[in-house]
Amino acid sequence: MGILIRVSKKLNESNYIKWSYFGGGGGGLTRSFCSYPKQVSKEVADLSQYPTDRIRNFSIIAHVDHGKSTLADRLLELTGTIKRGLGQPQYLDKLQVERERGITVKAQTATMFHRHNYGSDVSETGEPPSFLLNLIDTPGHVDFSYEVSRSLAACQGALLVVDAAQGVQAQTVANFYLAFESNLTIIPVINKIDQPTADPDRIKAQLKSMFDLDPEDALLTSAKTGQGLEHVLPAVIERIPPPPGKSSLPLRMLLLDSYYDEYKGVICHVAVVDGALQKGSKISSIATGQAYEVLDVGFMHPELKSTGVLFTGQVGYIVTGMRSTKEARVGDTLYNTRSSVEPLPGFKPAKHMVFSGVYPADGSDFEALNHAIERLTCNDASVSVTKESSTALGLGFRCGFLGLLHMDVFHQRLEQEHGARVISTTPTVPYIFEYSDGSKVQVQNPAALNSNPGKRVTACWEPTVLATIIIPSEYVGPVITLCSERRGQQLEYTFIDSQRAFLKYRIPLREIVVDFYNELKSLTSGYASFDYEDADYQTSDLVKLDILLNGQPVDAMATIVHNLKAQRVGRVLVDKLKQFIDRQMFEITIQAAIGSKIIARETHEKECSC
């Protein structure tokens with residue numbers, strides 16, 4: 001049996017207890033961490049002890065797989081919020097798809113308590129003051145940029161985590177500017193310094209050249225081994241300002257996210273900007289006009305902990321009896337029904353940029369798919385769902401998504417978490433068409449585009465994105481060729497350092513929705529990082545491409561393409577269909593057509609009956 005010996009307690013420096021462990025089998029010296037004495041647990045529920053100057057609200061932002069979730073785990077452990085070694089890794093990533101893909105889809109919050117010598121306050125026991133730290137874990141992908149912006153609106157600072165070996169990547173750039181535009185204090189954290197290939201000095205130089213961040217401000221850490229973590233929370237307390245709200249003003253809350261609980265109903269994550277909230281209060285939504293009674297209120301530590309009250313600057317949850325997450329609109333302002341307040345800035349409804357048809361793999365499973373989608377959209381109100389029918393696939397649904405990743409995650413959750421087997425049509429984007437009579441229509445489903453020759457299309461527009469690509473310099477030529485083939489317009493071309501290049505393009509959204517990322521990864525041997533943000537619509541020469549089987553159009557396969565690419569796309573679709581359609585006892589004619597003009601054709605010979 002090993003002997004555990006407490007060596008020293010340094011509350012005045014980093015508020016950690018250092019332990020030495022002499023193991024029975026040769027042991028050696030190791031360290032574990034604890035944030036403060038156990039009596040602090042009595043303070044946890046007394047939120048009135050934390051005025052705004054002892055509150056810090058911050059987020060962790062990073063490129064995929066740079067250690068964001070692991071760092072969050074370590075901070076929760078260091079503050080005693082969760083016990084080390086207990087519970088699953090990536091504690092704040094609740095969904096299976098989040099843990100598998102290393103992404104954050106749903107915003108999560110966790111309240112931590114940490115003692116640190118800062119300011120003039122000293123507790124009655126002579127110990128350093130305790131600070132309330134709200135970690136707001138935001139989605140990390142541009143598809144959820146609006147949700148990220150609303151979560152960051154509740155923060156005053158952010159930890160920008162960068163891998164010590166990989167350096168600045170595409171999502172690092174996107175996340176930095178989201179935080180920068182939100183006027184957050186940014187603390188650079190160079191993580192994974194324990195890796196053999198780590199080069200912190202090179203990463204510091206990148207942070208300086210890309211973002212003008214002072215290299216001396218960067219924290220060097222390894223969330224895996226614990227190295228350097230004792231400097232993170234003190235930096236959060238000392239560098240990030242307290243929330244600016246005023247307790248004397250009427251209640252205003254920012255709605256950060258929501259999810260459905262089968263026992264409590266809809267649970268909303270909120271940040272109290274001004275005033276205070278108590279259980280039993282009557283609150284209203286500016287976005288919907290609905291009024292509710294607060295049935296429960298508290299904070300996440302890290303699970304729900306009911307307190308009956310939340311004060312100015314604090315982040316927590318409320319239960320109001322909402323029946324659907326569609327009532328809980330991210331970015332909404334909640335306020336006391338008896339008062340009149342100005343809405344918090346920035347609210348806007350969900351904007352769907354990618355659409356796809358979803359059908360049951362077996363036509364008889366429509367009701368099961370309907371039930372699975374209903375359950376899934378209980379926790380994801382940002383998906384738009386309408387029923388539709390296809391001559392080839394039968395009854396199904398037309399779904400609208402915030403972006404490509406949002407669509408992929410939805411399909412994965414349907415199959416993994418709800419057991420649905422589905423067929424998805426090729427994703428499309430929303431186009432705008434203007435007709436000869438001056439009318440304009442937004443087309444989300446190509447099959448719905450009017451092919452009536454008497455109503456001529458006079459102009460059309462398609463959505464574009466600003467794409468950020470970071471690649472090793474030796475792959476610049478092939479990537480520029482790829483972007484040109486996808487009708488991209490080069491906006492920027494620079495070198496981050498001697499080894500990596502930074503490219504920025506304006507590309508039509510339609511050109512990246514299917515296989516752009518896979519081709520980019522293939523061209524660069526997997527070393528490219530890619531991100532994008534929505535840009536404006538641009539005029540374009542677009543046509544509707546129909547697929548016909550024995551002269552009958554298959555509406556689920558209709559697509560809208562650029563006129564210059566129509567023949568090539570049509571030829572590819574016809575050839576693929578010939579490969580995958582089983583031979584029948586009769587001849588099958590497969591055609592691609594623009595209006596009445598056939599641009600590609602194949603014939604599937606009938607099966608021999610001899």
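Using N, Cα and C of the backbone, Cβ positions are placed for all residues, glycine too.
Now, the feature entries from TrEMBL:
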DOMAIN    53-244  domain 'Tr-type G'
BINDING   62-69, 137-141, 191-194  GTP binding site
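Feature annotations (TrEMBL) mapped to structure.
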residue: Ala62; record: GTP binding site; Cβ neighbours (10 Å): 24
residue: Asp65; record: GTP binding site; Cβ neighbours (10 Å): 15
residue: Lys68; record: GTP binding site; Cβ neighbours (10 Å): 29
residue: Thr138; record: GTP binding site; Cβ neighbours (10 Å): 29
residue: Ile193; record: GTP binding site; Cβ neighbours (10 Å): 21
